[in-house]
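Pulled from Swiss-Prot, these are the features on record:
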- 4-94: domain '2Fe-2S ferredoxin-type' (DOMAIN)
- 40, 45, 48, 78: [2Fe-2S] cluster binding site (BINDING)
């Protein structure tokens, strides 16, 4: 796997870690002890929503976000793979 730097901008401050391109960002964050919101873990709700500030993610597995949300940079971290070094604002459920 290729590893990318993921920086999460959370209400508790910045969290940065290396994430392989074949592990969902939410799963990887949890493994290293970063507590992020989630509910279904299936890409079909908005509990884990975040917004990409820079970089690229593959969020094509999600079934909740519409094209407008995705065009605006919103992702579901439970079903998002890093495709580059990426910065994501977390806790965006209210916005989607």
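Cβ coordinates are placed from backbone N, Cα and C, and glycine is handled just like the others.
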Binding-site residues: 40, 78 - member with fewest neighbouring CB atoms within 10 Å: 40
Other same-chain residues whose Cβ falls within 8 Å of the Cβ centroid of 40, 45, 48, 78, the recorded [2Fe-2S] cluster site, in sequence order: 26, 38, 39, 41, 42, 43, 44, 46, 47, 64, 76, 79
Mean predicted confidence [pLDDT] for the domain '2Fe-2S ferredoxin-type' (4-94): 97
Most crowded position, judged by CB atoms within 10 A, among 45, 48 as binding-site residues: 48
Where residue 78 ([2Fe-2S] cluster binding site) sits in the secondary structure, as DSSP reduces it to three classes: helix
